[in-house]
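Taken straight from Swiss-Prot:
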DOMAIN    15-78  domain 'R3H'
DOMAIN    227-396  domain 'Helicase ATP-binding'
BINDING   240, 241, 242, 243, 244, 245, 246, 247  ATP binding site
MOTIF     343-346  motif 'DEIH box'
DOMAIN    561-735  domain 'Helicase C-terminal'
REGION    1137-1165  region 'Disordered'
REGION    1177-1223  region 'Disordered'
REGION    1260-1576  region 'Disordered'
COMPBIAS  1281-1301  compositional bias 'Polar residues'
COMPBIAS  1305-1319  compositional bias 'Basic and acidic residues'
COMPBIAS  1352-1363  compositional bias 'Basic residues'
COMPBIAS  1381-1412  compositional bias 'Polar residues'
MOTIF     1454-1465  motif 'PH2'
COMPBIAS  1455-1467  compositional bias 'Basic residues'
COMPBIAS  1490-1508  compositional bias 'Basic and acidic residues'
COMPBIAS  1509-1524  compositional bias 'Polar residues'
COMPBIAS  1528-1537  compositional bias 'Basic residues'
MOTIF     1530-1537  motif 'Nuclear localization signal'
COMPBIAS  1540-1562  compositional bias 'Polar residues'
């Protein structure tokens, strides 16, 4: 322990080594070298320092050798060159192809796969434990079954979707934006403007004062020189010190010159690196010209602008101008621009550097264009050389002298009672005339012994410049003169105020040597003693510094030292504002808190403490420019934003922490870094210059002189320390045929090759570039939108699944600060975490992104009720960020509309905005490939840890909702996150969201398939898998004889191993992975279609596929939530912030059910969400409210148990309204059947209307007076749906909707003779149970259908209706309700004679568990339907509404026996009069119910067909033979709980959240082999 303490002390003392090592490491990281070896012999302690620094900076370090030969080596990433990685990859690929049994990749294209960034080729090692099984939920299987029956896989699925055959779009398409066009101004208009300006100058006193102040700026005397240089040269560089006035005056000089001298209109574009600068400067210039913003001067920043074409001067950010140059095309954007001013080029942001490269290439072909570069640092020569030696106009700054102290001096100041360090801050400037006077006084004193003048000057100046001034001719100083002349008192005085006794004259002698030469022994002795004291003091200062450095960490800001220094300044001086430079918001908050806790600064009348940060509202930021009242000192705590972007003119004292938060990118490890780093010398100079605005100032640099000497000259250019994926895309848009790497080498400082390679991989992953690096139409569209390319893809996907609003929120939030604030006290932190969890729980919890979406929705609702401030306070949310997000979302939506991506009315674009499954999928698209999986828990770990694709282990941030996912059910859960950040606290991920597996399979880059151990007879489940690190690049199935993968896909139920992105293994059935592949292809095809044709409908097969994808995502989320739902304790006091009522339900599932028994459990939860502030559910929920009827949300999963008492209350529950696949709004089932709406589908792009295909030709519904529901409870009447003629059914099975579980049987009905349909299968519509009503499918528009309100009716009049080809279906006399409970009988209909229906299979419900049987039904002959693609069993005609067929059978409540009702007369197919069908009863029995077989009938008279079975029987209902008298009632069987029901929730069957119109078959598995193209 003692040794460790000694080493630590030594490490802290050796600051010189730390400063030197920091410089070496930073230079190495900025270089293009892959390795570096220290040639110096380092001690163990020094090597320890460097090893620790390397870990922080993401570098690898290793020591080799022994003794004097021991050397320390540094490496970037894994130390393996890219060429070696490529050879390793090819060798591994060849090995895999030759004999490891891996089938080739399911991807048809060659992807350039991202390799492990910190370990070369990833050696995927599958855990010996069983693979995680992945399967579609039963409801999703039914949807997929319907999809692939109607639109089976074919070659057209991949046509146009392969990245290799994308067509390059017109990258120079016209973008109609006249903001950068030259104003329409005649010479007369220009003269009027000049006269108006002159008139105001004469008449308005305020305007004259402004003009006079402008004329006193340092740059005013250089006006003519600047104008002349601009007229004579195409490029001019103005190097002006901060405060000279270049930013505000140069644009006005150019404007006035064009108007006054040339009488010409002009368009002057001025770029700024920051939004705040562009807006504030344009506002300042407008004020100086006596105008309002938006007239002569305007601005345009991202999603915000003032002014337009008539603005002659436009301020914008660098990114805006860059987008204009690229987006509009170089041939159409430049001619209207006369001048481009690029300000603050020394900041070297990536957009600025890239734009300068483009402009340099444009200048030769645009001789009219003038480019003015402006910089505030000494790096002007380099920029001049970059533009071929352009002229430089140097403008001095208008600042007073500033004295600088370093940490060594500051510590001495704090230990001293004197205030001599403040003397220079109260004296006037040392000017040229003072220098002339001193020259004369020194000459007179030395030659004529006239000392009075020199003594007076030195005393009056009182500055170090005067004390140490050297004569311009002789080099003598006042101290030398007084020492050589023996003036002891003057020598003592000069030495006491800091005169330097080490200076030498031009003859090379010091004051001491001159005194000895002149035999002035007394003064010589005084100087000799003083020099000894200085050395002693210097040693004391060094000792003091060493002791201080031993107690702190140099990389951390010492807030306590800053407070002590401010107290010292305020005690020794009376006025002058103090500006403190700090790295970030955390340090600002800590400093402010410490100041307020100190009694010295607690008096608000004496001190005003202000913060200058991007998180601070604009109104608060403006206060820093106001001068405080007399007797009050202003203290400003700021980041580097105060270096050059803003100027505070009353600052006298500057405290520089020497640190700055800088975001950078490590391309070798593919990790972003946000660390506090040391400033550059240029930054330090800028900060010191802030102190000399109004008088002489002082700057305290809180780092040593040794550290100051080791600082880099300038900051590393942003293009070298940030990802360049956006720049690479812009390069391809500018020149589609160029090589990106070669193009970027033209930059002043090009990025490293590894960074460019990483960017190209991302662009290929999202489809913006082909594998050959060609620009795709998808990439062209991504580049036009004002968001990151990944965000662009997320927006397009969100539009396709009707989930736009959350996507806009997430897109805008990606570039903003976290809306959730971080309280300082532990108690408040716990409350903030609970509040965030409560918001996220509205969408299933375990997501930081969904918490942001919920917070924004709740805030908008609270804002509408005037409670936004209270809501933000109680939920620890930044109202500033919320307002900002609201503004950005509105503007981004306008931009999308302007680009034609969405229609002007986008109210229907967010019908699925509250579906958790679809929301998580949208997040996955926007964040991919930032994917990881949760590591299993360990005893010593308290925080969640994520494993990335590179094999790195990163932590979840402390404020994340997923920080403490301690349950083992989250082991290996998949996580998507914003980015990996290496900070001072370690390597963490940013905001993250837990994902189900199916979205990952859908959106991943590639999926590879191999056999599982269970398929191999040699291996067991417990054996380790073979390596899957590198698989083939084609998605073809290996069919060579003898190969292990020969029969992978031949059996649909065979289990296969699927490896996602070459590192995530899962176990899936061969049939389901085949379906997944087709869905992937159709998803990409849908996005491409939407990009090319944003205002057109998707083709039918793509529309149906997007609907199916949305349904799968929704059902999968419901299945996941039923397993992983975690109760969140509500914050009662917080809830009141948005809803002061007392009836707000808790988030506890049981309480939700008790709150409203008539809603689905998730419906109650969404009701809670609505009351908490989720806005108008009628506008956003996928299921709509029709005619004022309330309706529970069908898009959510039941998550609570439904008690028997609750079920009894639901005798007649509200039916659900659902959108069908083909955009038909089925309306409310119980009421209001008159007006049927056609709404945009939840799966198709907004604005596309698509109606249901007609299933019957010339359907005539006849005059139907009463159409009661198809499934009636409590004795309600019911009619039979129409059949359709000439329908191509394809290979359709008859799928009943209910699920038979726990040993339920369904016996085979007897077949009818001579029945042959050609393997045709029929799908029976699903029904509503538990007293839910279902209206007739063919009900006429406007007809009242209130059968549910007539439980006492026994009989109703028969109705005559027509079916396909005007066929009379005869009379149906008796129609029993479809859902009969408690041993009600029901018979089957007789089949008609001579109908050739072929082999038609009747499939039992979707999930047949425990030996459920599946039977075959033969239907009458001579009615050949052919292959029908449209398999929807429910028809809509003449505006008839259709009940929701996706409603699953629920547990029936106890109901009284129902009497028989008269059935209706209906027509069948092919002109056959089916006669009187007496009894129509349900077709399916659930929970142990038996169904008897119908007797076979030969050549039955179609005139009297009896009993057509609509749907279901539940809860012990029997079904007798359809062709005999009702059978004897069997004993009532005890109902069993279905296996597939959630054991915790014990609820109704889950409903889809995408308005799913699914078939009754829930299995989703086609019994035949999957129809997959041979090339798949």
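Cβ coordinates are placed from backbone N, Cα and C, and glycine is handled just like the others.
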Hey, which bits of the same chain come close to the motif 'DEIH box' (343-346), Cβ under 8 Å, at least six residues off its ends?
-> 246-247, 270-273, 277, 352, 356, 373-377, 379, 383, 644-645, 682, 714
Quick one, of the binding-site residues 242, 247, which Cβ has the fewest other Cβ within 10 Å?
-> 242
Could you please provide the mean pLDDT value for the motif 'PH2' (1454-1465)?
-> 40
When the domain 'R3H' (15-78) is classified with DSSP, how many of its residues are helical, how many are strand and how many are coil?
-> 33 helix, 15 strand, 16 coil
What is the one among the binding-site residues 240, 241, 245 whose Cβ has the most other Cβ atoms less than or equal to 10 Å away?
-> 240
Can you see whether DSSP assigns residue 241 (ATP binding site) to helix, strand or coil?
-> coil
Residue counts (helix, strand, coil, in that order) that DSSP gives for the motif 'DEIH box' (343-346) = 2 helix, 0 strand, 2 coil
Secondary structure at residue 247 (ATP binding site) (DSSP, helix/strand/coil)?
-> helix
